[in-house]
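Here's what TrEMBL has on this protein:
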SIGNAL    1-22  signal peptide
DOMAIN    40-333  domain 'Glycosyl hydrolase family 59 catalytic'
ACT_SITE  GLU183  active site, proton donor/acceptor
ACT_SITE  GLU258  active site, nucleophile
DOMAIN    346-460  domain 'Glycosyl hydrolase family 59 central'
DOMAIN    507-671  domain 'Glycosyl hydrolase family 59 C-terminal lectin'
Amino acid sequence: MLNISAIWTVFILLLLLAFVNGQFFSLCAVDDFVGVGRRYDGIGGLSGGSATSKLLIGYPDKQRNEVLDYLFKPKFAASLQILKVEIGGDSQASDATEASHMHVEWEENYQRGYEWWLMEEAKKRNPDIKLFGLPWAFPGWVGNGTQNPYYDRQKLATYIYKWIRGADVYHNLTIDYIGMWNERWYDAEAIKVLRKTLDDNGYSNVFIVASDLDFGIVDYMTSDAVLSSVVDFVGAHYPGVLSPDSAKLIGKQLWSSEDFSTVNDEVGGGCWARILNQNYVQGLMTSTISWNLIDSFFEGLPWDRTSLMTAREPWSGNYVVESPIWMSAHTTQFTEPGWRYLPHGHGVGMLNKGGSYVTIVSPDLTNLTIVIEAMSHDHSICIRPELPAYTVTDQVVIFNFAGAFENITELYLWYSMLTFDNSTPTHFQSLGTIAVSNGQLTLIVEVDHVYTLTTVSDGQHGQHDPPPPSAPFPLPFVETFEEYPLSAEPYLLAPQQGSYDVVDVGGVHKKVMRQMVLQPPIVWCVQTLYFNATLNLLGRFNWTDVEIAVDVKVGAVNGTNGVYIGARIDNGGCTTYASKGIFFFIFPNDDIYLLANDIKATNIILAGRDTGAIVTDWNRISLSVKGSQAVGSCNGVELFNVTIPLTPANGLVGVGTDTYGYADFDNIELSQADGPSATVYSGKNDKKKTLLFETERP
C-alpha cells in the first residue's frame, strides 16, 4: 500500500503550487445517491471494412497466438469485450475485399475467409466476448443487378439471417449484434423485415444496431414506433464524443459503433484514451468500437497503421504492440459488459482543468473502477472529426466516496504516461494500492497521463517474449495452394477487386485459386462502381525489379475474357481502379496479348496476336521487370522484350482478370528479376513443392 502520510508533504507543496498557478482542486463525488447511470456495453475492435486482419491467419502458430492474446485474452492486454466483423460482400471496402458466404444466390459456403476463424479464436480466449456482424457490400444478386440492397427486402434479410445461422450451425458462434449496411442509407422497412426474419427463424436473441452511419435515424424512430421497437442500439460512426439530445432521450443505448481510425502511435493512443472516456461523459455512448482491430494488411495499402496494434509480416513473425492496446486495458481489465456507469456528478464528469473521468460499477456495487484521462489537445487528435481547441493542465483531483462506496479503504492504481519527445513512454503500469482515508482519495493528475483506480485486483500488463525482428517479404517465393482447405482465401494474397477461393480442379493442378465473382457487386467504394476488373495483390510496395510467373486458365463456363499478371502496382483500396504499373494481359480465346501501364489497359505499351504460344487450356505466363525493360513470355515463348515507362517506379505484384468471371491461377512464383528462380520445373504443369514458411494451417 502506498503510504499517504509519507508523501503528504509533497502533496502540500504541490497543492500550494497549484493555488499559485491558479490550478484549483477538482472535487469529484463518487456515490450512488441518485442510483446508477447507463449500462456499460464494452469496448471493441473491428475486423473488416475491409480485410484489415487479412495477414494474421498466415502467421506462424506461436506469434499468431501471441497477437490474439494481446487482443482478446482477459486480464492480459487489450482484453476486448466486443469483436465486430465484416460480413463479406465480394467487394472493396477500404483495403481489400472480403468473401461472401453466398457468391451466387444458389449456393452457401461458411468456410470462406478468415472472420469465422477470428471469431472462434476470440471466443477461445474469452467465451463472454460479444460478436457483431455488419455488411459493407453485397453480391450483385442481392440487389437483382441494381446497386440497391433493399430492392428485395426479404432477400436481403434472408442473406443476413443465413450468415447468422451459418455462424451458429457451422462454427458454434452466437452472434449478439447485427447491422444492415455500413455507412450507407438505411431503409426502415428493411430493418423491420430483418427483425421479423430473425424472430421467425429462432434468432430473437440477436440485437439490431442501426444505422452504423450517424444519429439521424433517431428522428425517424421518434415518429415510427415500430422502427423504434426493432432498433435495439443506436450506433453512430465518428461522433466526436457528442450525441444530440434527441438521441439521449430516445430511450436506447447509444454506441460509437465505429471510431478511432487513427495512426497507432502515441497520439493515436491519446486519441483512443480520450474518446473511450468522453464518448460517455459527453455523448452517453456506452460502447466504443475501434476501426480497425489490427493492421494486418500489406504496407502501402490505404489506412496504414490506423489500428490498435500492427502485425503485417507473417513471413517474419514480427508484430508491434502499440499504445492503444494499453489504453484499452485501463478500462477493459477492470470492468465487464453489464456493469453500470455512475451518474454525472456522482462519478462521471469533466475535470476542472481539462480531462475527464468515468466510474463503472458492478451490478451489486461491490466493485468499482474509475478511469481518468488528461490528454492534451495536440496529443490526442483523432483522424476525424476536427477536435475543437481546449487546454489541460496538471491538477489535483479529490475523490469523495459515499453511499455504497463509503467503506472503501484502498484502491489499486494503474497509470500510463504517453510521451511525445522521443523519451520512453510508460504504458499501463501498476503502482500498487493507494489509501482511501475517511472516504477521500487525492490524486495528482498530470497532463498526457491516464489512470485507473479500481477495487479489482487482478489486472495484468501481459507480455510475451519479443517477436522475431522485422524482415522484408522474402524472395524467391512460391505458392501452390495445396496446403489450404477448400474454399479458403490464400493467406498472403490480398484481393482488391473480386473474390478468390481455393478449389480442387483435379488432374495435375489439383488445388488452385479461382476468381469467383460473376457479376458486379453492390459496392461500398463508389469509385469502383463501373470498374469490373479484379485484382489480387501480394509482396511489398517498394519492389522495383521483380519477376512473376503464374499458371492461368480462363473458365470454360462463366469465364472472364482475359487474365493478367502485374508488377510495380501502385494502388489498392477504393482507388484500385486507378492502379498503374506494368500489366501483362492474355486473352486466350482470341490469341491476343497486351502490355499496359494501367489496370484498365487504356495506356497500352504494346499489343499482339500469337496463335502458337497462347492456348485455351492452362497457360504459363511470366513477366520480368527490371529498370526500363520488361520481358514477357507464354508457355516458354517470349512475346515481348520492350522499354517501359519508369512511372510508377515501384509497387506490389498481382494477378487478376479483365472482367468479372471465373479464372483459375496456380503455381505463383516470384523472384528478383535476373535473380535465382524459386524452383526448377520439369514441365509447365508440374506442382512446385517449395513453401514460403512452415506453419500449421488453422
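Heads up, the Cβ atoms here are built off N, Cα and C, so glycines get one too.
Residue counts of the domain 'Glycosyl hydrolase family 59 central' (346-460) by helix, strand and coil are 3 helix, 53 strand, 59 coil (DSSP-based). Along the domain 'Glycosyl hydrolase family 59 catalytic' (40-333), the predicted structure has mean pLDDT 98. Look at the active-site residues GLU183, GLU258 and count other Cβ atoms within 10 Å of each Cβ; GLU183 has the fewest. GLU183 (active site, proton donor/acceptor) and GLU258 (active site, nucleophile) are 10 Å apart (CA-CA, integer value).
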